[in-house]
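Q: Pasting a structure here, questions to come.
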Amino acid sequence: MASDSNSSESQRIAQQRLRIIAGHLQKHKDDDSGTIATECKAEANKGTVPRKRQEIMKWNGWGYSDSKFLFNKKGQAEFTGKRYRLSGMVLPSLQDWFENTFGASVNHKSPATPALNASAVPPASLNEAFVEDLKATGIPFSHEAEDRVFRAHGHCLHEIFALREGKKFERVPDMVVWPNCHNDVVKIVELACKHNVCLIPYGGGTSVTSALECPPEETRCIVSLDTSQMNRILWIDEKNLVAHVEAGIIGQDLERLLNESGYCTGHEPDSMEFSSLGGWVATRASGMKKNVYGNIEDLVIHLKVVTPRGVIEKSCQGPRMSTGPDIHHFILGSEGTLGVVTEVTMKIRPIPEYQKYGSVVFPNFEAGVACLREVAKQRCAPASIRLMDNEQFQFGKSSFKTLPFHLCKGIYIFKGFDPHQLVVATLLFEGDRERVLQHEKQVYDIAATFGGLAAGEDNGQRGYILTFVIAYLRDLGMDYYVVAESFETSVPWDRVLDLCRNVKERINRECKERGVQFQPLTSCRVTQTYDAGACVYFYFAFNYRGLADPVHTYERVEHAAREEILANGGSLSHHHGVGKLRKEWMKESISSLGVGMLQSVKDYVDPDNIFGNRNLL
Amino acid sequence: RELSSESNIYIYCLNILVFVTLQQRDPMLKRDCFEDILEERRNSSDLKYALRCYAPVLYKGVTPCKANMLKNIVLQSDQLHYVINQVSQESGEAPDIIQEEASVILEEMAHRLQISTVRCFAFALSKAFKTLFQHVCVNEEGIQRLQQAIQEHPVVLLPSHRSYMDFLLMSYILYTYDLALPVIAAGMDFMGMKFVGEMLRMSGAFFIRRSFGGDKLYWAVFSEYVKTMLRNGFAPIEFFLEGTRSRTCKSLTPKLGLLNIVIEPFFKGEVFDVNLVPVSISYERILEESLYARELLGVPKPKESTSGLLKARRILSEDYGSIHVYFGQPVSVRSLAQGKVNRSTYNLFPRHIPRKPMEETQSFVNDTAYRIVRLQEDNMVLKPWVLMASLLLQNLEGLELSVLTEQTVWLRGLALSYAAFLDWPDQAPTAKVVSSSLALHRGLACVSGDRVSLVVGEPLGPVTPEEALFNRAVSVLSCASYRNQVLHVFLRPAMLAVAMLHLSDEVYNCFSFLWDMFSNDFILCPGDTVQDFEEACYLLVKTGAVQMPQQDIVMTDIGQPTLSFFNGLLEPFLQGYQVVCRYLCEEASEGLTEKQYIPAVRSFAVKLILAGNLRCYEVLSSDMQKNALAALLRMDAVRKVKVADQVTLIVNKMAVNSIDDILGKNRMISHINQTPISPSLSLVAVAEDLYRDGLTPSYIR
């Protein structure tokens, strides 16, 4: 029967998709989840994230506690754990790269404080009446120091650095609540309004904009509203290809659960292992495969948001409406200042039949950018196309040089390319097989006109494997006096090259002027293409030995780099958001009238500033 | 009297500021030492030198680009295509034809720098320099800074311009130090010299028309050509901010066109930074000395021609002393623009479409231009003769040699305490210094008996009074061109001295009036009136010429010689401007055209001098006449009206009269056809009148 064969076909696809995900993302085991007892729900919680996040995740670094880079006794880099394809592997040449790039040494360690000193955490100042009322609802909460500190930060350099150094936080949430469903959130927000308590929504905790930092001047009780337990897919509508999902679900769970039904969202931000659907909405997230699936604003069909004034939602799920300015756009990018996103209806797609990686080597960055521009012009961008500059190429080369799996010598045989100039674009094609192959040819043909040479599937795939482990690398650097951070922007095509060059130069110059004793690493890549421009992602790292206050130095340099971005026609942010880190440029970015418009929405929706994280405005 | 009380408060505050100013000025005093590059030339083979290995460092990461490739980049640029299409649409001509035109323009403009020509020049110039000059001195630290700068960012060389020699000299020096040879913006008139023009082209000159106001295509080709060289780091770009050679040895008001072009790529983010390098070229004796004086007196400038240059061979037999070339600290446009220009205003407009610079940018570029010229001035090397010329001009009837020597020593001390860059021979006795200066400039001054006076070219046979006057004027103007070299050192305190001797009550207002009046004659950065006033006060206090008790400025007992010297220094300018005012009030007919203005003022002045009513010859200088007119136009005392093809000057006699009156206090010229001047018209009233609206100094507001 047709329907039977369809479902077996979709199961087959689901299996394949699972393998792919398991392959390049992590070795996920079902028994990792399910460890949390659900209190008020009949069905078992399938989420990865337990209420006590610190049980599986680092309290002072990126990702899972069991996964980290370290230099072993032989001085060789190693990635621990079992979750990733790199797990358990030795990367012998990483040390050379690390020492040569930063002037660092594996003998000069800057170890982190081993455990959180609970006594250094400011005591919880609780609103007793609120706590009493909350108890009556049965919604779980905690005011243990570890829980509170975990939710007092995102992953900005200064936040992680402070944790590692055991520095005291000026202000942390006074308590954490874990709602299980939309109605729980409604109750919490009502109580917060009633008792004038400050609420800070917390999703995946992967913010890099100081968005989760508690305003030090906040005197009310601060309650961190952790959405991690609201992580179910409530229904899937195959006729309209949409799914209705609780907003606390994290990317990997969403993808895994949809895959079980033969679907995917295709939304894959680099943080998807940990970041949540609600967080994506609140920051206007972008996924690496947006060329096929769209960014979060293209994926959202319907939102349910609990605000101090009540619940915002639309009355239907029409795919497009002309009903005045789209109210979704007040929520998309609101960064937790208006309310909590509880449920999202979003587009889903059948898992693609075929997936193929690819890579192209260009003689220099200019040629690479020209090629990406042409690809965007012809509107034939693959699901993902990223151009890494030479610095990243050097890094990729070193980290993979002697890896046991599929060593492709390809890159070294491009005679005539200056190894200190050449750059690599990595590609990911998705769709039915025939079309993928056709598409692939089209892109390689364009690349050839810019001097690009195909460099194999493996090189492409490696680039994407690195995506998920690169965040772990920063922790390794910090063990050896190296601080690092990334930031991003979007910029019109004609200014991409000038912006990249000037920002790198500005960073180098600022570092020199601020007494950084070693040449910093500045690197960029073009990660997204649009009709009218591109998203550029910068990495910046330096050896801070000899600096009294490396974090301050780092922040000044990043500040200067952002000014340079704005002066060169780049935007304040493409997808990270504004948080508190970039608030000062909001007026300049969207005009004071624009700020006023946003402010008036805030004033209407949340007159008592219950959602008092003070992001954005 | 609101004004007066506020200026008193201001002066009070000044006492505090003096210390700050002192600190600010001090770093400027650190100057590099010089090396004589001719010394080595005198001891080794010029041929070997011309043929030696030449491998300059280039702008980082740049691959050397041939002159022809450069042309292609320009012709294919989006910027040029945009304008070509625009011109094509406006004129109805096909774009191909316009493109062809553009290519012809570029052909006419572009340089063809080649090293063989440079080597020829290196050889020939070595020979010429050794005969003409005693020393060619260069600050090597400046060269090192330049070398560093060239590698980091695109460099723009901005030399002062007082002689034809300037750009040959610059290229010669850069070749000597193995630095990248500059490409030089030169006026089209050089192309007239057939052979020489091509030689210059092959040594890096590119030629631009003197005026191309409305020609969009020309402008597009020109600006894109310059920007392409800058962006690609092809070579340092060299041009003269002053636009033309200064005939008076005073720096000229900077022209902004080219500076705008070289700064724009920074604002548009096309380059990270641009380094502007001021270069001060000081000649002990200028080759064109008397040529300039004649030109100023109305003998038209000879059209540049090869034969003219050959005639110049005559000069080869003379001694022209030394040249000092000082490469200043590179000025980063990025640092200068910090906080002044918001670059993101360039974000909303396609960068290849030509656009008039925004107001903010324009005033930044203007400001930058003035600052660079002041930096040039600061590093100009002054010879003892410059001081002597200043004294001789105040004593046209001559001076006892001993008095001249004594006063020169006094002036030397004053100049040094005002941070003048004086090249006074160490250890040599003063008398020796004075006599050798007189020897070098024997064409200008002579010693007969004990008396030193200006030389007046002895005419053969009888001459008319006009001819005699003309001869005398040539030597006065030549001499003035030396005095002018020191003016930038003394200008601010001198204006203050004049203001004090005029009316000690309203010193600031008077200073500010003079400041405004003279801002075409001297380099006074727009908006710097207050700062300049502070500097003037600081310097006069520092040398003990004035005191500033509480709320006043008063001359000290020992200040008299200083103040009266300063007064005498500016006297010719005050008189000159006054003569112009007189002429406009008393003689000028209705419908005086701009063209008639200069000859008319000149003959008016000649009449005054011959009648014994005026002793100032400098007013015969067309430069002063033009500057005076520009000042009057700026102050709205004269207006230009275009009637048919003629530009007519409309004189507001009332206003001109008042200006004349301010200048006229204590002036020596006696009135002819004396018109009664209302005694009630006090300086303050006039100043208040003049400073209405926009002219009000900012601190008074």
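Cβ coordinates are placed from backbone N, Cα and C, and glycine is handled just like the others.
Keep in mind the model is a prediction, meaning the values are calculated, not measured.
Annotation source TrEMBL lists active site, proton donor/acceptor at A:Tyr537. The annotation FAD binding site is assigned in TrEMBL to A:201-207, A:283-286, A:335-341. For A:Arg474, the entry in TrEMBL reads substrate binding site. Among the features that TrEMBL reports, domain 'FAD-binding PCMH-type' is placed at A:169-351. Under the heading site 'Important for enzyme activity', TrEMBL lists A:Arg386.
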Q: So, in DSSP terms, is A:Gly204 (FAD binding site) helix, strand, or coil?
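A: Reduced to three states, the DSSP call for A:Gly204 (FAD binding site) is coil.
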Q: Could you say whether, by DSSP, A:Ala285 (FAD binding site) belongs to a helix, a strand or a coil region?
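A: Assignment for A:Ala285 (FAD binding site) reads coil.
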Q: Return the member of A:Arg386, A:Arg474, A:Tyr537 nearest to A:Gly339 (FAD binding site) in space, with distance defined Cα to Cα and candidates limited to these recorded positions.
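A: Closest recorded candidate to A:Gly339 (FAD binding site) by Cα: A:Tyr537.
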Q: Using C-alpha positions only, work out which of the recorded positions A:Gly204, A:Gly336, A:Arg386, A:Arg474 is nearest to A:Tyr537 (active site, proton donor/acceptor).
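A: Comparing Cα positions, the closest of these recorded positions turns out to be A:Arg386.
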Q: Return the residues near A:Ala285 (FAD binding site), defined as same-chain residues 6+ apart in sequence whose C-beta is under 8 angstroms from its C-beta, sorted by sequence, else 'none'.
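A: Those within reach of A:Ala285 (FAD binding site), by Cβ under 8 Å and sequence separation of 6 or more, are A:His267, A:Pro269, A:Ser275, A:Gly279, A:Asn295, A:Ile296, A:His575.
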Q: Enter the number of other CB atoms within 10 angstroms of the CB of the residue listed as 'substrate binding site'.
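A: Taking all protein chains shown, the residue listed as 'substrate binding site' has 22 Cβ neighbours within 10 Å.
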Q: If I take the alpha carbons of A:Pro201 (FAD binding site) and A:Arg474 (substrate binding site), what is the distance between them in whole Å?
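A: Their Cα atoms are separated by 26 Å.
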Q: As a test of reading the model: what is the averaged pLDDT for the domain 'FAD-binding PCMH-type' (A:169-351)?
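A: The answer is 96, the mean pLDDT of the model over that range.
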Q: When the Cα-Cα distance from A:Arg474 (substrate binding site) is computed for each of the recorded positions A:Gly204, A:Ser207, A:Gly336, A:Arg386, which gives the smallest value?
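A: Result for A:Arg474 (substrate binding site): the nearest of the recorded positions is A:Ser207.
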Q: How many whole Å apart are the CA atoms of A:Gly204 (FAD binding site) and A:Arg386 (site 'Important for enzyme activity')?
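A: Rounded to the nearest whole number, the Cα-Cα distance is 25 Å.
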Q: State the count of C-beta atoms found within 10 angstroms of the C-beta of A:Arg386 (site 'Important for enzyme activity'), not counting that atom itself.
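A: The Cβ of A:Arg386 (site 'Important for enzyme activity') has 24 Cβ neighbours within 10 Å.
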Q: How big is the gap, in Å, between the Cα of A:Gly336 (FAD binding site) and that of A:Arg386 (site 'Important for enzyme activity'), rounded to a whole number?
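A: Just about 30 Å between their Cα atoms.
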Q: To the nearest whole angstrom, state the Cα distance for the pair A:Arg386 (site 'Important for enzyme activity') and A:Ser207 (FAD binding site).
A: 23
Q: Work out the three-state DSSP category of the residue listed as 'substrate binding site'.
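A: Reduced to three states, the DSSP call for the residue listed as 'substrate binding site' is helix.
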Q: Around the C-beta of A:Pro201 (FAD binding site), how many further C-beta atoms are within 10 angstroms, looking at every protein chain?
A: 29
Q: Looking only at Cβ atoms, how many others are within 10 Å of the one on the residue listed as 'active site, proton donor/acceptor'?
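A: Here the count is 21.
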Q: Specify the count of other C-beta atoms within 10 Å of the C-beta of A:Gly204 (FAD binding site).
A: 26
